[in-house]
Amino acid sequence: MQVLKRILNFYLNSSIHVALAASALTLVTLIELDLKLDKYLLYFVFFSTITGYNFVKYFGVAKFHHRSLAGWLKVIQVFSFMAFLAMCFLMFYLELNTLILIGILGVVTFFYAIPVMLPKRYLFDDHKNLRQIGGLKVYVIALVWAFTSVYLPVVNEAVSIDADVIILGLQRFCYVLVLMLPFEIRDLNYDSLKLATIPQKIGIKKTKIIGVLLLLLFVLLDYFKDVLKQETLLSTVIIALLTFVLLMFSNKNQSKYYSAFWVESLPIIWLVILLLLS
């Protein structure tokens, strides 16, 4: 059991799980918009998610404790570097416009973590990075996920960004925002009050109400699309209901794996549902 637990912990801590979730959401977009499957783009999303998430999570730890890193962190560092090399290799197979959008998203990710290395006199409003600006974190994450999983494949296929694509991007933003709420609730015991997270500002109950309203908007936006497939609508409703259940049962004393594994699995479950219905 200890071996399995270590494998699971590495799977989660190395961001493989979240990378699969991001890849799943990208595949959902390809299916919903009837876009060609570009394996290079899909692999890029996977490896870039690992690179980006591990950079954000472990940059500060590696910077200040590089001589006394725990064994698991050293392994994750090597793994992340390999993912970075794979990401760079895959960029040669992507379109120029795709690379431009990737560059913009990369800059956002960079400043989400990096300014911590700058002298204090260069920091604005005493904030160390975008992540630590009060109330901004979840919106930055939702925006990056929406652009990565919706607009990246659209731009890569040179498809025009019409009303349906914009609506899909808005849906994805709302959905990822809801996925973040159980994490925000979990972190109430640890987050600084300066972060001004949604649960810190309005409490757990009202946070869940906002989550429910966002899920309703997520589903209702389907009806504004010019092209709406039955399987798309049904999969949207099913995943919204499953997300609703996990949101309602989330609390600040949730288990270690509740959000990190189960909530993060929802995009993968969504893809499976859509594939079964298609």
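Heads up, the Cβ atoms here are built off N, Cα and C, so glycines get one too.
Per TrEMBL, the features are:
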{"type": "TRANSMEM", "residues": "7-28", "note": "transmembrane segment"}
{"type": "TRANSMEM", "residues": "40-60", "note": "transmembrane segment"}
{"type": "TRANSMEM", "residues": "72-93", "note": "transmembrane segment"}
{"type": "TRANSMEM", "residues": "99-118", "note": "transmembrane segment"}
{"type": "TRANSMEM", "residues": "138-159", "note": "transmembrane segment"}
{"type": "TRANSMEM", "residues": "165-183", "note": "transmembrane segment"}
{"type": "TRANSMEM", "residues": "203-221", "note": "transmembrane segment"}
{"type": "TRANSMEM", "residues": "233-250", "note": "transmembrane segment"}
{"type": "TRANSMEM", "residues": "257-277", "note": "transmembrane segment"}
Tertiary contacts of the transmembrane segment (203-221), as residues 6+ beyond its ends and Cβ separation under 8 Å: 167, 170-171, 174-175, 177-178, 181, 184-185, 188, 236-237, 240, 243-244, 247-248, 250-252
Cβ-Cβ under 8 Å with the transmembrane segment (165-183): same-chain residues at least 6 beyond its ends: 25, 29, 32-33, 138-139, 141-143, 145-147, 149-151, 154, 159, 198-199, 207-208, 210-211, 214-215, 217-218, 221-222, 224-225, 236, 243, 246-247, 250, 254, 258-259, 263-264, 266-267
Non-local residues, at least 6 beyond the ends, that sit with Cβ under 8 Å of the transmembrane segment (7-28): 37, 41-42, 45-47, 49-50, 53-54, 57, 72, 75-76, 79-80, 145, 148-149, 152-153, 172, 257, 260-261, 264-268, 270-271, 274
